[in-house]
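Taken from TrEMBL as is:
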- 1-22: signal peptide (SIGNAL)
- 265-287: transmembrane segment (TRANSMEM)
- 337-361: transmembrane segment (TRANSMEM)
- 367-392: transmembrane segment (TRANSMEM)
- 404-428: transmembrane segment (TRANSMEM)
- 440-463: transmembrane segment (TRANSMEM)
- 494-517: transmembrane segment (TRANSMEM)
- 523-551: transmembrane segment (TRANSMEM)
- 563-582: transmembrane segment (TRANSMEM)
- 594-623: transmembrane segment (TRANSMEM)
Amino acid sequence: MKSLNPRFIFLLSLTVVSSSFGFYLPGLAPVSFCEEKSKGDAEECQTDIQLFVNRLDSVESVLPYEYDAFDFCKDTNERRPSENLGQVLFGERIETSPYKFSFKADKACVKVCTKSYDIGSSEDKLKLDFLKKGMELNYQHHWIVDNMPVTWCYIVEDGQKVCNPGFPIGCLVNQEGKPKDACVINVRETAFYTTLINIRVISIKHSNDENPTCEGAPMDIPADFKSNLKVTYTYSVTFKQNDDIRWASRWDYILVSMPHTNIQWFSIMNSLVIVLFLTGMVAMIMLRTLHKDIARYNQMDQITEEMNDSEAQEESGWKQVHGDVFRPPRMGMLLSVFLGQGTQVFIMTFITLFLACMGFLSPANRGALMTCAVVLWVLLGTPAGYVSARLYKTFGGENWKTNVLLTAFLCPGIVFVDFFMMNLILWVEGSSAAVPFGTLVAILALWFGISVPLTFVGAYFGFKKPGIEPPVRTNQIPRQIPQQSFFTKAMPGIIMGGILPFGCIFIQLFFILNSIWSHQMYYMFGFLFLVFIILVITCSEATVLLCYFHLCAEDYHWWWRSFLTSGFTAVYLFVYAVHYFFSKLQIIGAASTILYFGYTLIMVLIFFIFTGTIGFFSCFWFVNKIYSVLKVD
């Protein structure tokens, strides 16, 4: 095994950003650096450049670990900056590093520490084995300088430079001498960047650990621990001025190196084609077929006797069920609970993506996206309670206490139990992604102390309102549903209904899964917001189309079907996640596999109630609209 860590050489190229008047987003204002602080500008510039280290992760394992979990050099005066809720939930554990340097103060081969491993010490053997395991699984360092990630930039086959956040702690050469991962790239020519700071990391086996010269062959760690071993960590600093990079564009080198923009536009065009197709279908139904139906239904006396029976039945199909179309559904309690939670998730998603598009939740604001989503979910308990209670009352329900409790606890409870079980696995494995007990208590306090009372408030106002009155009366005796063809039965319609919405999002879904599991940076929130709008339109139109076809077939059981038709998109999401796991990831180990599918189930559940709610309210509006303009004797 070859370690990339024994020696670090930092080639820094910093530009002092002059003070300017303007407004900056929180945490995004430029920091000025200067050689020496004077009394006059003590508050305007900094001399020391702080390098922070974050948790280490791998594409071959779902288990991230803190920097201190590995036997690296540690800061003697270690400090941990305060982390927001999103950072804690994502397993970020930021701390100061032992690599110290000041602005424009060059350093050459400064020794940080020497790690000694005694062959007779079981503790040293465990430390070395854990370090070698990290190299074998290609665990990545994540360093931060001036709120910028240190990225690993290398040239791929087509000559394009690709930059990824993080760089490997080492690499593996197997028994056959075949290099793996970072060993494929010449370690002598591996460079890492933070835009204003260029960092060069190489591996050196020092001949003199007390007075290192930073010259020699690459440091290697044998697979078999048969003799005592010493690993010396050093670093060098050289400052060079570079006037080509401005502070406002310092993220550009990362974004430009990601060859995803063309694919994103292809995704948008693909989604727009689907939307235009569905819009055309809906327009044809609304403006031609449906308009013609309503005109003929309201002037039945003008229908000629020459019309045969089959044509008359086809023309008057959906009118025949006017006395049953608003008959309350079975399990109306559960449906109303899902719709209340779906409304909460829909509003939360819309506001979060909108703020992300405005730049408030950029990658520079670490953990801001998750923090915003959680806080919004907590504060949006009122619309969830209101929608659930109002619809439950419309369905004729009377057990309002059960409805309120289920709205407040059913879906959040399922998510929390799943999350807690995954957290137990992380605790057992000693991963940094394990949420601390205090944070779990804080999440429960937000849930029980804010979200639940707000849900009760919303339900109170929802039950005070009268139920939504249907435009037509409901018959006392249910109408018999005629024999249905294969395509108008419930399951084929539900399965087909989720295909088109999934087709609009599957390319964007690939980048989202890459961001979560392959630790790639996600920044294209404009594309994501546009895809979100397209998804809402597609779910609505696909559900309305299928709802109309089923009503024409005189099947009036549309309540649950409208929810499940668009909600079935979540099933395709799960199937795609399984495909992604086996085809794109190299995750090994039972714990990582369980964690992957455990967290995936949480995403699938949230997506299910989100898309199902969109389909239901679209169909609810459609059915109310067409029957409200129908004259019924």
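Placed from the backbone N, Cα and C atoms, the Cβ positions cover glycine too.
For the transmembrane segment (440-463), the partner stretch with the highest count of Cβ pairs under 8 angstroms, out of 265-287, 367-392, 563-582, 594-623, is 367-392.
Between the transmembrane segment (404-428) and the transmembrane segment (265-287) there are fewer than 3 Cβ pairs closer than 8 Å, counting only pairs 6 or more residues apart in sequence, which means the two stretches are not in contact. A Cβ distance under 8 Å defines the sequence-distant neighbours of the transmembrane segment (337-361), meaning residues of its chain 6+ beyond its ends; these are 25, 368-369, 372-373, 376-377, 380-381, 383-389, 391, 403, 406-407, 410-412, 525-526, 528-529, 532, 563, 606, 609-610, 612-614, 616-617.
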